[in-house]
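Engineer: Attaching a single structure in structure tokens format; questions to follow.
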Amino acid sequence: MMNFNSFPAAPGMLLVSVVALNFSIGTTAYGQSAQAPASDPTNAGKAVFSKANCVGCHKWHGNGGGGYGGDALSLRKTELTRDQIIEIVGCGRPGTGMPFFMRGAYDEVKCHGMNRQDAGAQMPPEGGTFLRPKDIEAVADYVIAHIKGAGEPTYAECVTFFSSTSRVCDVYKTQAQKPDDAPASTGKGQ
Amino acid sequence: MERFSGHTTISTRARLLAVAVAAAGMTATLPASAADAVNQERLLNVEKEPGNWLHHHQNYSAHRFSTLKEINRDNVKNLKVAWTLHLGGIEGGGIWSHGGLEGTPIAENGFLYVTDGWGSVYKIDAHGGRGVLVWKMDPKTDRDWAGAVACCGVDNRGVALWGDLVISHTLDGRLLAINKETGQVAWQRTVADPDKGETITGAPLIVKNMAITGVAGAEYGIRGWLAATDLTTQKEVWRTYTIPGKGEPGSETWKDSNNAAASGGGSTWVTGTYDPATDTIIWGIGNPGPDWDSAYRPGDNLYTDSSLALDATTGKIKWYYQHTPNDPYDYDSVAENVLVDVPGPSGPQKLALEADRNGFAYAIDRTTGKFVWGLPFVKKVTWTKGLDPETGKPIEYDPNKAVQTYIASVTPSRTNMETDICPGNMGGKNWPPTAYNPDLKLWYIPVIESCNRIKVEVMTPDKLKPREFWTGGGPSQPFRITGSVTAIDVTTGKIAQKMETPFPNLGGMLATPDLVFTGQPSGEVMALDAKSLQKLWEFNTGGGVNAPPMTFTVDGKQYVAILVGLGGAWDKWFIDSTPELKKIQPGSMLYVFAL
């Protein structure tokens with residue numbers, strides 16, 4: 001059973017700590033260190049990560065971060081296990097902005113032991129697309145293999161993710177220079 | 001550029017042939033291009049060609065008022081769809097699942113120039129009671145690069161005309177000059193840098209052979225600016241930062257030891273206005289960053305949340321008026337300053353009007369930058385008891401305080417980490433433009449009647465990262481948000497009328513002699529009586545209205561045009577406050593109405 005008191009009341013905000021979340025999911029085995037690293041050999045998980053718009057809040061690098069619409073969890077710093085990620089992608093996180101992506105969640109299939117009525121105001125939003133169980137497993141494998149525990153995003157990771165001509169990755173080439181080191185007045189001529 | 005030549009009707013064949021000839025390199029011999037050339041004389045005297053709509057905000061004063069009155073109070077009930085045109089640009093990119101339409105069409109001699117969210121420009125032939133695409137210029141915006149640092153949508157608010165060029169911006173930071181006849185890019189220049197979190201969503205303002213560009217990105221730690229590009233030499237004439245550099249006047253209003261000014265925000269993403277009498281550009285400046293952790297940046301944080309007046313020739317700052325010093329709410333003053341002249345007790349008053357996100361409408365003396373009057377235009381303001389009648393500052397403002405708390409019990413701060421504010425952080429009015437009827441002296445504000453909840457995150461310099469949010473917290477939407485059209489009598493500085501709407505006004509206003517036009521994100525386009533604001537006509541477009549209406553004539557017949565396609569910030573960040581709008585589908589369509 002989930003302990004809903006551990007979730008913030010404000011919808012759309014994801015400021016609850018990872019530790020609190022892990023304690024709140026009592027039915028799932030805890031202890032990610034025992035977990036074997038998964039992989040994403042066919043890029044199926046990466047495709048889901050883009051298609052299901054995980055990037056919309058967690059960003060391409062999975063670090064999430066505070067922002068205009070609240071604060072998406074950092075998947076790089078997460079301690080969630082593969083099974084926990086599968087559960088959260090499928091069922092969402094009640095009381096937060098993390099949507100559910102499993103068709104029939106809270107209706108045909110109870111989530112965290114609840115149906116829609118039980119969840120009430122804590123009901124998470126519905127994802128923009130539904131994912132098949134295979135897709136959910138794939139995206140969890142992708143997060144485990146390529147994002148979780150990965151430290152700060154790198155140029156190599158970025159070009160692997162985008163594999164395109166976009167300049168989205170250029171900034172990671174010069175990551176050493178932080179903007180607060182720049183002089184206050186940089187003059188003209190960009 | 002993409003060309004469309006599949007049309008075979010007699011009425012369009014000749015025109016298409018002309019375009020084809022132009023594309024073959026004979027543009028200089030076509031008399032049409034000389035007659036259509038836009039110069040400063042025409043931009044200064046738009047009232048002499050009422051059938052055209054040459055400026056983003058209709059005139060240099062941002063009146064968005066047309067003298068056309070074929071469509072009027074008596075017959076507007078007969079207004080019908082004349083034609084429509086599907087556009088593109090709804091694709092996603094970066095953190096955005098889809099684009100939207102926020103642009104104002106430009107109309108000249110029967111042709112329309114419109115943009116989609118990714119900055120494609122469409123030239124449309126509106127002759128003969130139908131719309132035919134002449135050309136489309138796709139700037140191939142780097143979607144992942146720009147879309148990842150666009151805080152508030154895949155947006156482009158339109159183009160401007162100069163000479164035989166169409167001048168436009170792209171989200172990824174470019175200024176483009178496009179051949180008006182052929183749609184080919186004549187030249188382009190990089191003005192903003194998405195690597196720094198800078199993007200461009202506003203339409204350019206053309207002043208004396210210069211394109212003035214504003215920038216977005218305060219949520220990503222930019223240092224805002226305005227930049228002027230010479231449209232002949234293609235070089236930068238001036239760039240004025242909205243946050244003073246070290247040692248410059250105003251830098252003393254950044255009192256921290258974090259070098260907060262270097263990433264202090266102050267965006268300029270709404271097109272400003274120009275007063276030719278004094279050669280002054282007046283532009284609204286956005287909020288300071290990080291948005292909600294105001295203790296990170298003690299001091300008044302000039303020139304954020306200000307109306308800023310600049311010498312158009314040099315870019316030098318003439319005066320400023322700051323609305324919300326040390327803003328802890330995200331109350332940008334980025335809105336357009338509407339320039340009006342009204343009779344005053346001691347002679348004519350030359351005013352700049354601004355409807356601020358903080359919920360107050362301001363009249364500033366645009367000669368001196370001094371406060372004249374101000375009043376709340378929203379139904380609910382909780383962050384201040386009101387404005388000081390002399391200075392216009394919030395009553396609680398204390399110049400001796402480094403961190404302003406206003407009404408501390410509701411103000412986000414390091415000791416009030418979660419709080420509800422009214423207006424919400426999207427503001428009482430966001431970018432959708434006002435309109436002003438100079439005959440009635442009524443100023444129409446598209447209002448978001450709102451509250452929302454702010455959660456504060458304490459920021460430290462190590463959290464500042466290129467291309468990552470720099471907000472110091474975030475909003476959520478536990479309250480239903482509605483809207484209104486609110487008319488202010490500029491001679492008295494009082495509210496004359498308020499017409500409430502079920503949804504916030506995310507599109508903006510158009511005024512004609514006895515009507516105002518506007519829309520709703522639930523799909524309706526409507527005409528209201530200019531005095532009573534009584535609804536006289538409505539049409540449901542079936543999409544979400546997120547752009548302002550405009551009007552023009554072709555061969556003497558009046559049309560009203562509006563882009564329809566809900567995108568922008570609302571869809572992603574604020575939709576929980578208007579749950580019915582979740583049903584509105586992404587779209588991209590131009591609607592044109594006539595009697």
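Note: Cβ is positioned from N, Cα and C throughout, glycine not excepted.
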Engineer: Given that TrEMBL annotates B:GLU102, B:ARG157, B:GLY217, B:ALA218, B:ASN430, B:TRP431 as pyrroloquinoline quinone-binding, name the residue from B:THR84, B:THR201, B:THR240, B:THR411 that shares the site.
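Structural biologist: The candidate from B:THR84, B:THR201, B:THR240, B:THR411 that TrEMBL ties to pyrroloquinoline quinone along with B:GLU102, B:ARG157, B:GLY217, B:ALA218, B:ASN430, B:TRP431 is B:THR201.
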Engineer: Check TrEMBL for me: it has B:ASN287, B:ASP330 binding Ca(2+), so pick out which one of B:GLU219, B:GLU390, B:GLU396, B:GLU418 it puts in that same site.
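Structural biologist: When TrEMBL describes the Ca(2+) site, the candidate it includes is B:GLU219.
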Engineer: Roughly how many Å separate the Cα of B:ALA218 (pyrroloquinoline quinone binding site) from that of B:CYS152 (disulfide bond), to the nearest whole number?
Structural biologist: 11
Engineer: Which of B:GLU102, B:GLU219, B:ASP330 has the fewest nearby Cβ atoms, counting only those within 10 Å, among these recorded positions?
Structural biologist: B:GLU219
Engineer: So which of the recorded positions B:GLU102, B:CYS152, B:GLY217, B:ALA218, B:ASN287 end up next to chain A, with Cβ to Cβ under 8 Å?
Structural biologist: B:CYS152
Engineer: Please determine which of the recorded positions listed here (B:CYS151, B:GLY217, B:ALA218) has the lowest count of neighbouring CB atoms within 10 Å.
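Structural biologist: If we count Cβ atoms within 10 Å for the recorded positions B:CYS151, B:GLY217, B:ALA218, the smallest count is at B:CYS151.
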Engineer: Report the same-chain neighbours of B:ASN287 (Ca(2+) binding site): residues 6+ apart in sequence with Cβ closer than 8 Å to its Cβ, ordered by sequence.
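Structural biologist: Non-local contacts for B:ASN287 (Ca(2+) binding site): B:ALA218, B:GLY265, B:GLY266, B:SER267, B:THR304, B:ASP305, B:THR324, B:ASP327, B:TYR329, B:ASP330, B:TYR331, B:ASP332, B:SER333, B:VAL334, B:ARG357.
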Engineer: Residues with Cβ closer than 8 Å to the Cβ of B:TRP431 (pyrroloquinoline quinone binding site), same chain and 6+ apart in sequence?
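Structural biologist: Same-chain residues close to B:TRP431 (pyrroloquinoline quinone binding site) (Cβ under 8 Å, separated by 6 or more) are B:GLU102, B:ARG157, B:TRP269, B:VAL270, B:VAL334, B:ALA335, B:GLY508.
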Engineer: For B:CYS152 (disulfide bond), list the number of other Cβ atoms lying within 10 Å of its Cβ atom.
Structural biologist: 24
